[in-house]
Amino acid sequence: MLRVRCLRGGSRGAEAVHYIGSRLGRTLTGWVQRTFQSTQAATASSRNSCAADDKATEPLPKDCPVSSYNEWDPLEEVIVGRAENACVPPFTIEVKANTYEKYWPFYQKQGGHYFPKDHLKKAVAEIEEMCNILKTEGVTVRRPDPIDWSLKYKTPDFESTGLYSAMPRDILIVVGNEIIEAPMAWRSRFFEYRAYRSIIKDYFHRGAKWTTAPKPTMADELYNQDYPIHSVEDRHKLAAQGKFVTTEFEPCFDAADFIRAGRDIFAQRSQVTNYLGIEWMRRHLAPDYRVHIISFKDPNPMHIDATFNIIGPGIVLSNPDRPCHQIDLFKKAGWTIITPPTPIIPDDHPLWMSSKWLSMNVLMLDEKRVMVDANEVPIQKMFEKLGITTIKVNIRNANSLGGGFHCWTCDVRRRGTLQSYLD
């Protein structure tokens, strides 16, 4: 058994968060929500370059290995996840709140063990093909290190086995020349960052900024142990009140709950991202970037990119089943709101951690090229009508692990500059 000793209340990260208090209730939630409604615009600063004080690590801005401001500039380098050794997470309260009831027996039986061998083998092959196609399109591909996620670990607050390194979008976000490691909210993902450390250290040595958000203890207080699981109606009511399975005990967030459009970054409060986590990001990125909270009619939000996926300057795919409550913000800014067609993934295909709407979880290679599932003909036709070339890849078995093309990747470098698309 892998045992890890850590200081209670400690933080693995380069940024400190003020201690808010041991009892966080409605007052804090309301304050945080009001705080987030808008942030002040600011002029560009040294974030836009890769310059560092140490001459040995001071490349010219054009040489920085990390540079990405949005979801659609020409893609030059990307991290693609791995399905190898992926494990079913233990069936804890935070996992239960983020999965469909029909799969609960699967988690109860298989938690702590590898996902079905044949399924993983197919998923590995699909992602290898995806990597080959990206390389053919001129994109540099990096992969996380293989890790055995079945190893048990223990902290002073919990013990668990791991999950996978399949979804770099969940743990990493690039903002300009900085790569940020998210703290995550599932106990099974506590050590997921280890798979990416060799890549990130390489970027750091070559001049990129590297930040790790404060690591949560993931103590019992972070989770609402009485969160109603069965009632969708109750979940709708609680979501409208900003209450989820994660509490405001300490900051937590998944990077996939943020989506970028130049100076403006949009975030949702979800089952894995709390208001304190978003506040940490807002303070950390200010004044160069503005972080806005948006919300959706979604009883079980987890990750924004299969609900609200920005595919170009002022162009967004908006999930018709999960309408955005703040859509007028984008309409007033002149954005084009596109409703993607209903996905056609079969009902009997296992989706252990996600919904069928992974069909809209696409990866833009640039404004005129998109990587889309080879089986999803309706959305292919939609893109073609928009004048966007579709690069068709089959990742149906990889979908079962909880992500589409956007989830399976983290765009490290796109050829572009910092701009504002909301003013």
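Using the three backbone atoms N, Cα and C, a Cβ is placed for every residue, glycine included.
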Report summary line: Checking LYS297, LYS385, LYS392 against Swiss-Prot, the one recorded as N6-acetyllysine is LYS385
Report summary line: Given that Swiss-Prot records ASP170, ASP305, SER354, SER355 as binding arginine, the matching residue among ARG187, ARG283, ARG290, ARG322 is ARG322
Query - Where Swiss-Prot places phosphoserine when the choices are SER46, SER198, SER270 - result: SER46
Query raised in the report: Do you see any of the recorded positions HIS303, LYS385, CYS407 whose C-alpha is within 10 Å of ASP170 (arginine binding site), and which ones?
Result: HIS303, CYS407
Query raised in the report: Considering all pairs of residues in ASP170, ASP305, ARG322, SER354, SER355, annotated in the record as contacting arginine, what is the maximal C-alpha distance expressed in whole angstrom?
Result: 20
Report summary line: Out of ASP170, ASP254, the listed recorded positions, fewest other Cβ atoms within 10 Å surround the Cβ of ASP254
Report summary line: DSSP says LYS385 (N6-acetyllysine), in three-state terms, is helix
